[in-house]
Amino acid sequence: MEEQEEKDEEKKRKKLGGLKTLPFILANEVCDRFATTGFHANMITYLTQQLNLPMVQASNTLTNFGGTAGFTPLIGALIADSFAGRYWTLIVGCIIYELGLVSIMISAMLPSLRPPPCPTQVNCKEASTFQLWVLYISLLLTSLGTGGIRPCVVTFAADQFDMSKSKVASRKWNFFNLYYFCMGAATLTALTIVVYVQDNVGWGWGLGIPTAAMAISIVAFVLGSHLYVKLKPGGSPLTRLAQVIVAAVKKRKTVVPADPVLLYENKELDADLCVQGKLLHTDQFKWFDKAAVVTQKESTSSRPLNLWRLATVHRVEELKCIIRMLPIWAAGILLIASSSHQHSFTILQARTMDRHMSHSFQIPPASLSIFGSLSLLLGLALYERLFVPFARRFTKNPAGITCLQRMGIGFAINILATLVASLVEIKRKKAASRYNLLDKPTTVVPISVFWLVPQFCIHGLAEVFMSVGHLEFLYDQSPESMRSTAAALYWIAISSGNYIGTLMVSLVHKYTGKDSNWLPDRNLNRGRLEYYYWLVSGIQVVNLIYYLICAWCYTYKPVSEITTELAEDDEVEPLAEDSKVNKVSPMIMSNGTSTPTNVGHVELAKAETA
C-alpha cells in the first residue's frame with residue numbers, strides 16, 4: 001500500500017513543471033513588465049510637467065527610488081530562500097506592488113494632490129510637501145513589491161526545468177533569451193500604448209492601465225498554481241555563509257589535510273541544498289577549507305553536529321562561489337551608474353525636438369524607448385538563430401560564447417551608445433543656436449527627434465549581450481540554493497549604480513557653475529549634457545578594463561550533476577523537489593568537457609546530523 005502511494009506521488013511530481021507552466025508564469029511577468037514600464041517610462045514627464053519639479057530633482061527622485069527598488073530584492077530573496085519559498089514571496093510582492101500602483105493612480109486623478117499647471121515652465125509652483133509624500137509612499141510601495149518579484153520570477157520560472165549543464169546544452173533554445181524576449185515585447189507594448197495615453201488622454205487613464213495589467217498578472221499566476229514545481233527553501237543562505245566563516249575562524253590554527261577527500265561531507269545534511277548537483281572541492285580560497293576539517297574531538301563526539309564549528313565541503317564551496325562572483329558582479333555597478341540618468345535626460349531632450357511623424361501625429365518622448373525594445377527583440381532573435389551557430393563553429397561551445405564573453409561585448413557596445421548620445425546632443429544644441437532658441441526652453445528646436453534613435457538601438461543591442469549575460473552568469477554560477485539571492489545581486493548592482501549615478505549627477509550639477517552648468521534645472525539648451533556623456537564614457541572605459549581583468553582570472557564552479565530518470569521528455573520535465581538520486585554524472589566543466597568524479601567523503605555518525 002505504501003509502495004503504491006509512493007509511486008502515485010512520484011507520478012504526480014513528474015507532471016509538475018515544464019513548458020506547460022510557462023504560459024502562466026510568462027503571462028504574470030509580461031503583465032508585470034507592461035505595468036512597470038508603463039508606470040516608470042514616462043515618470044520623468046509626470047514629475048516635471050505635473051508636479052513641476054526641477055530636472056535634476058526629478059531625475060534624482062527616480063534614481064533614488066530605483067536604487068531602493070534594487071535593494072529590496074535582497075530582502076525578498078532572503079525571505080524566499082530562507083522560509084517562504086519563491087511562490088509565496090512572488091504573490092505577496094505582486095500584491096504590495098499593486099497597492100503602490102493604485103495609490104499613485106488615485107493621486108494622478110485628484111487635482112488636490114497636484115500643484116497648479118505650469119505650461120511655460122517659468123516661475124512654477126512646485127508640489128507641496130504633502131503632495132510629494134503621497135508620491136513617495138506610492139513609490140515606496142512599488143519598491144517593496146519589487147523586492148518580492150524581481151529575485152523570484154526568473155528563478156521560479158527556471159525551477160520548472162532541469163537547468164543542469166547537460167540539459168541546457170542539449171536544448172535548442174536558451175531560457176534566458178526567451179525570458180528577455182517576452183519582457184522586451186511587453187516593454188514595447190507599454191511604450192507604445194501607455195505612454196501615448198499618458199501624454200494625450202490623461203494621467204488617470206495612463207496610470208490606470210498599468211494598475212489593471214498588474215491585477216491581471218496576479219490572477220494569471222495564481223491560476224497555474226497546481227502545475228508549478230515549488231522547491232523547498234533551504235534555510236537562510238546568509239546564516240550558512242556565516243557558519244562557514246565562523247567555523248573557519250575557530251579552526252584558524254588547524255592544518256588542512258593535503259587530500260581534500262578527508263574533508264567533511266554529509267549527503268543527508270546537504271540534500272535540500274543540492275537537488276540538481278553537488279559542488280565539488282576547489283583549491284581557491286583554501287583558508288575556508290578549515291571549516292570542513294574534522295578534528296579528533298568532533299570525530300569521537302556523540303553530540304549533535306554544530307554547524308558553527310564544522311561545515312560540509314558543499315557549504316564551504318557555496319561561500320567560495322559567492323566570493324568568486326563578486327568582482328564580476330561589481331563591474332555592473334559602474335555601468336548602471338553611467339547610464340542611470342540617460343533615459344530621463346533623453347526624454348527631456350526629445351521634448352525639445354520635432355516629434356512629428358505626420359502633420360497630425362507626434363510621437364511621445366518616452367515612446368522613443370520602443371526603438372531600444374525593438375533592437376533588443378531583433379537582437380535576441382538574431383543572437384539565437386545566427387550568432388550562436390556561427391560562434392559555435394569556432395568556440396565548440398554549445399552556447400556559442402560564455403556568459404562572461406557575452407557580458408564583455410555588452411560593456412563595449414554600451415560605451416559606443418554613450419558616445420553617440422554626446423554627438424547627438426551637440427547637433428541638437430547647434431540647431432537651437434542656429435535658430436536663436438537657446439533661451440527658449442519650451443520652443444521646439446527644428447531638428448528631428450529621430451536623431452535620438454541610434455543611441456536607443458545601440459543600448460538595446462548592448463542589453464542583448466550585457467543584461468542577459470549578467471543574469472545568466474549569476475544564475476548559473478551561484479549555488480543552487482542561493483539562486484534567488486543571486487538574482488537579487490543583479491538588482492542590487494542596479495540599485496547601487498542608481499545611487500552612484502545620483503551622486504555623480506548631484507556633484508556635476510553642484511560644481512559646474514551657474515552660468516554654464518552641465519545639467520541646468522530648467523533650460524537644457526544652456527546646459528553641457530554632452531560633457532556629462534563624455535564623463536560617463538570615460539568611466540565605462542575604465543570599468544571595461546577592470547571587467548576584462550576579472551573575467552580573465554575567473555574560475556567556473558565545478559559541480560557533479562544529479563539527475564533523475566524521467567518518464568516523459570526530459571527536455572521539458574524538471575527535477576522534482578523530492579526526487580531520489582539515481583545516478584551521479586561526470587563533472588561538467590565550464591569548457592564543456594567532462595572528467596570522472598571520484599570524490600570520497602568523511603561522514604560522521606547519523607546522530608550528529610539529527
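Glycine residues also receive a Cβ, built from the backbone N, Cα and C atoms like all the rest.
Under the heading transmembrane segment, TrEMBL lists 62-80, 87-110, 130-157, 178-197, 203-223, 361-383, 404-424, 444-466, 487-511, 531-554.
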Leading stretch by Cβ pairs under 8 Å, where the reference is the transmembrane segment (203-223) and the options are 178-197, 444-466, 531-554: 178-197
Given 62-80, 87-110, 178-197, 361-383, 444-466, the one sharing the most C-beta pairs under 8 Å with the transmembrane segment (487-511) is 62-80
The transmembrane segment (531-554) vs the transmembrane segment (404-424): three or more C-beta pairs under 8 Å (separation of 6 or more)? yes
Do at least three C-beta pairs under 8 angstroms join the transmembrane segment (404-424) to the transmembrane segment (361-383), pairs 6 or more apart in sequence? no
Sort out for me which stretch, of 62-80, 87-110, 130-157, 178-197, 444-466, has the most Cβ pairs below 8 angstroms to the transmembrane segment (361-383). 444-466
With Cβ distances under 8 Å as the criterion, find the stretch in 62-80, 87-110, 178-197, 444-466 that has the most pairs with the transmembrane segment (130-157). 87-110
Beyond a gap of at least 6 residues from its ends, the CB atoms lying under 8 Å from the transmembrane segment (62-80) belong to 40, 43-44, 47, 86, 89, 93, 136, 139-140, 142-144, 146-152, 233, 236-238, 340-341, 344, 484-485, 487-489, 491-499, 501-502, 505
